[in-house]
Amino acid sequence: MSSSRPSHSSSNSARSRHSARIIAQTTVDAKLHADFEESGSSFDYSSSVRVTDSVGGDQPPRSDKVTTAYLHHIQKGKLIQPFGCLLALDEKTFRVVAYSENAPELLTMVSHAVPSVGEHPVLGIGTDIRTIFTAPSASALQKAMGFGDVSLLNPILVHCKTSGKPFYAIVHRVTGSLIIDFEPVKPYEVPMTAAGALQSYKLAAKAITRLQSLPSGSMERLCDTMVQEVFELTGYDRAMAYKFHDDDHGEVVSEVTKPGMEPYLGLHYPATDIPQASRFLFMKNKVRMIVDCHAKHVKVLQDEKLPFDLTLCGSTLRAPHSCHLQYMENMNSIASLVMAVVVNDGDEDGDTPDSANPQKRKRLWGLVVCHNTSPRFVPFPLRYACEFLAQVFAIHVNKELELENQIVEKNILRTQTLLCDMLMRDAPLGIVTQSPNIMDLVKCDGAVLFYRNKIWRLGITPSDLQLQDIAFWLSEYHMDSTGLSTDSLYDAGYPGALALGDVVCGMAAVRITSKDMLFWFRSQTAAEIRWGGAKHEPGEKDDGRRMHPRSSFKAFLEVVKTRSLPWKDYEMDAIHSLQLILRNTFKDIETMDVDTKTIHARLSDLKIEGMQELEAVTSEMVRLIETATVPILAVDVDGLVNGWNTKISELTGLLVDKAIGKHLLTLVEDSSVDIVKRMLFLALQGKEEQNIQFEIKTHGSKSECGPICLVVNACASRDLHENVVGVCFVGQDITGQKMVMDKFTRIEGDYKAIVQNRNPLIPPIFGTDEFGWCSEWNPAMTNLTGWKREEVLDKMLLGEVFGLNMACCRLKNQEAFVNLGVVLNTAMTGQESEKVSFGFFARTGKYVECLLCVSKKLDREGAVTGVFCFLQLASQELQQALHVQRLSEQTALKRLKALAYLKKQIWNPLSGIIFSGKMMEGTELGAEQKELLHTSAQCQCQLSKILDDSDLDSIIEGYLDLEMVEFTLREYYGCYQSSHDEKHEKGIPIINDALKMAETLYGDSIRLQQVLADFCRCQLILTPSGGLLTVSASFFQRPVGAILFILVHSGKLRIRHLGAGIPEALVDQMYGEDTGASVEGISLVISRKLVKLMNGDVRYMREAGKSSFIISVELAGGHKSQKRA
C-alpha cells in the first residue's frame, strides 16, 4: 500500500486506509469462500496467495454477486451446533416463529422421572412458549422480554414442564423477534439460581485480581498472564493470544499448551485466515464456542409468513462455516473457545465525556483462543466470566498501547530535537554524518540524503544508479506531491522494484527542494519474521494445499515477500516534521543567528508576569484554604504542624495557635499513629497517597464527641527545585458516615432506619442483593442523581441503573463499566475493597465525580447477601483549591524553566570573561591594574560558584563541600566594596580595619566573600544617603584555630525611632521563622547556612542609632599566622 501526499490528518488517513483495506479483504474472503464451497476437499489453500494478489494494490474492489452471496450466507445461515436448541419468538405474542429441529426433543421430551399430568405440549410454529416451561420459568422469560437490554439477565435458569430438566436460556434481540438459545445444565454443574452477570463475575475473580496486580510497562507479560489464567480457568489443551497487525495479518504472541503439543508461538498467518465478516461478528459477540467440529449441524425452521430471514449472528449456537471446520480438523483441534479483545481505536479523536455519544471508536486488537483435541463444552456462566476477563484484559492492553505510543512519540521528539541541534551546527549534512542520524528517527534498514546532486547513504540502500532511477521515477509520476510512502515499491508501480530484490521493498521519501530529497528504506517483512513453533524436520513434507498453521505461515510469507512493514502514521508525522525543519533551514541558512535580545526581553517579561501571577495565585490559595469547608492541615519536613485551617480547628476544638508547632503524631489517635507515620514518610519521599483514613483527637468541649474520622489526600509541597519541603493534607470529614457504617455493622438486618434517613450527614447510599438487583437507594442518592427510589429499585444495577446506553446513570465509557463490575464483584466475593474513583452522568446531564466505597452485606450466618455502596463527594471549595494548586505548580514550573535558561546563557559570557582575564594576566600591568584584575577574577569565581548551586536544599541541610585555601581578608576587600551600586549612588563609604584584614587564614574564601557581599548589600540598601558602613575584624587564637568577629555597623542613621535597621520580618526570614520568605530573605537564609557550615552563626543586633550583623566563623590560621605564633 502506498500513499502519496503532502500532508494528511493522521487519524483520517489511517481510518480511510483501514476502511479501504476491509472492503478489499472482504472481497478476497468472499472469493476464497466460494472457491472452497465449489472445490470441497480438493480446495488448494495456496490459492489464497493468488486471490490476494489479484485484488491487491490500491484499486478499489467491486461489490459483485459473490461478495453479496457470501455476506448473506454469513448473516442469514440457518444452522446451529447440536449442544443446545434455539427458539425465535414474536415479542408481542410470545409465540414461536422459528425453532431448531432438535428443540421439540430437548424441550418437550417426557422424562420417566417426572410424572406426566395431562397432554404433552407440542412445540412448533405458533406455539406459546409459556406452555412448555414451568410457571416460574415462564414468568422469568416474560419479565425478560420487558427489559430494554435483555442480555443483562443472561443466563436465565428455566425448567421444562414435561421433563423438569434445567436449561440456561440465553436471550438476545433481533429486528422484530426475540431469539433464545437453550443450553442444558449438565448433571455435574451446580446451576446458577439467579440471572445476571454478577454471578458469572465470581468465577473470574482470581484471574482478574492477578491481571490488575501486574505492573504496567510490558505487553508480553500481560499477554502471558492472561493466557495462563484462561488456560487454568477453562481447562483447554491450548490457550493462545492472537494479535492483529496494522495490515490485518495475525501473529501468535503468547501460548500455553499441555505437554507434547506442537507449539504455534511466533506464527504469522494471512489476513484471509480470519475473514473480515468474522471479525465484525467478534466485535458484536465477544465469546465464540465450537464444541465439536465433527458434530452434525442442526437446521433452523422458520415461519414462512415472516417477511424477512432471521439472522443468527448473535446466537451462541451459530454453526461455524465448513472451511473453518476443515482447518480445525487439519490442526487436530476438535473444540475451540475464542474471546475477542476490543480496544479503543487510537486514531479516534475529539471525544469528550460530555459529548452526546461518549463511546469511542473501537477496534479488534486480537483474540484469546483456546483449542482442545477432544470435544469440550463450557457452560455459559463460565463463558460469561471469560468475556468479562477479556474486557478487563482489553482495558490493560489499551493502557499498554497508550504507554507504548507515548514512549515512541517521546523518543521521536527527542530525536527530532537532536536532529535540529545538528542542523544548527552542520546543516543539512549533520543529519547523516553525525549520531543520532535520520535512521534513528524511524525504524528502517537504510536512509539516503540526496543533496546538491550528491548522495549520502546509511545502512542498506539501493545503489547510486538505482537511487537516481527512483528519484527520476518520483519526479515523473509523483511530481505534484512532496513525498511518497509505500510498503511495496512493486505494488506502487516502480518498474525496477524486482531488481531491488528482498533488500529494499518499502520506501518513504520526502522532497526538501525541487532537487533535494530524503529517503528511508525497509527490507521485506519476511526478513523480520521468525516462527517460534516446531522446526521443519528434514524428512517431513508440507502440503501447501492443506489448511494448517504451517501452511498459513508459508502463505503469509508468500504474500509479504515484496512488502515491508507498513509506515505508521506517527512515523510519517515525524518524517514530515523533519521535512518542514529542513525546508526552513535551507531558507534561513544564511541568517541562523538568533536575536538573543528579543529572547531575553521576553524572558524578563515572563519573569515579571510569572511573579505577579504566582503572588496572585498564592494569595487566592491562602484565602481558599483558610475559608474552605473541608479540613486542611500542613506539616514541615520534621512533621511539625505549620498549617491548620478554620474548618479543622472547628472540628477538633484545637485553635490554630495551639496546633502550630506540635508534631502531627501527637494530634492523632493512638490507633492511627502507624497509618499517619507511614503516609508522612511516603509523602516526604514524594509518594503521595490518596484516600487514607485516620482518626484525629478532639479538644476542649469537642472532646466529649470522640475523635474525628478523616479521609485525606497527601500532597507534597515542593520548592522551585522540586524538592519536598513539607506535606499538605486535604481531608474530608467522614465521621458521620463512619458512625452510620459502624452502626450498620452492629445491627442485625434492620438497616432501613439508617439508609432511608434524610439526615444531611448520611452520605449517598445504594445497594444490591446477591443477584445484582438494585435493592437500596437512599434520599441522598435521589438528590445527587435525580432518579427516585421507585424508579431504580428492582433494576439491574449493572446495565440498567449504571450503564452505557439506556441506563439511568450513564457511565463515561466501557472501561468505567468494567471497573464498576470488578469493584462490586470483589465485595460480593467477601474481599475487602479499597475506595475507588467513580463518575457518572446525573439525570440533568451533569457529570458527578466522587469516591466509591463498597461493603459486603451479611446475614446472621455471615453469608454475603449483597453489597452496600457509599459515595463521598468532594466539596466545591476543595475542587477550587486543587485547581488553584495546579495553577501555582504550572507557574512555578514556568519560572524554573526560565531560570534554567538564564543560568545556561550566563555561563557562555562568563567563560569568555574568565578567559579574557587569564589572557590579561600575561601582559604588563601596573599594581593598581593587577589589583583590579584580581578583584574581577574573584567576583567571577563567586558568580561561577553561585551558578553551580542548583540544589539549595543541600546548602540548607548542611551537605555542601567547602574548598579550603589560604587567604587574607584584604585580598577580598575590593570584591564586596566595589560590587554594589548602592554604595556609589548614595555616597556611602565603607571603612575597613586594614590591620586585622592582613591576617592569613585558611578556609573557603569564595564562600566567605559571598557571605560578606550579601550582608553588605543588605545594609547598604537600608542605609540612608550620607551614612557610613564600617567593616572591622578582630581575632583571638585558640589551639583549634581562630575565631573571627566581623561587625557591620550602620552609623549616623537618620531614623527617629529606636531599633532602626532592616525590618523585623526580614530578620525572621533569615532565621527561618517565616515560611513565605522574600527574595532578600532567601538570600540571607543561604548566607546564614553558609556561615553555619563554617562552624559559625549570624546575630543581628540593634543599638541606638545603628544596627549590626555579627558574623562568627571558625577558621584555621594560615602558615604565616602559625609562624608568628
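Placement of Cβ uses the backbone N, Cα and C atoms for every residue, glycine included.
On a predicted model such as this, the values are computed, not experimentally measured, just so you know.
Sequence annotations record features per position, and here Swiss-Prot assigns compositional bias 'Low complexity' to 1-14 (among others).
Annotation source Swiss-Prot lists region 'Disordered' at 1-22 (among others).
Taken from Swiss-Prot, the feature region 'Disordered' covers 38-64 (among others).
Residues or ranges marked as compositional bias 'Low complexity' by Swiss-Prot: 39-48 (among others).
Sequence annotations record features per position, and here Swiss-Prot assigns domain 'GAF' to 218-401.
Secondary structure at C323 (phytochromobilin binding site), as computed by DSSP, is helix. What Swiss-Prot records for C323 is phytochromobilin binding site.
Residues or ranges marked as domain 'PAS 1' by Swiss-Prot on the basis of sequence analysis: 617-687.
Positions annotated as domain 'PAS 2' by Swiss-Prot, on the basis of sequence analysis: 750-821. According to DSSP, the domain 'PAS 2' (750-821) comprises 23 helix, 16 strand, 33 coil.
What Swiss-Prot records for 901-1117 is domain 'Histidine kinase', and it gives sequence analysis as the kind of evidence.
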Around C323 (phytochromobilin binding site), how many other CB atoms lie within 10 A of its CB?
17
Composition by DSSP (helix, strand, coil) of residues within the domain 'PAS 1' (617-687):
40 helix, 12 strand, 19 coil
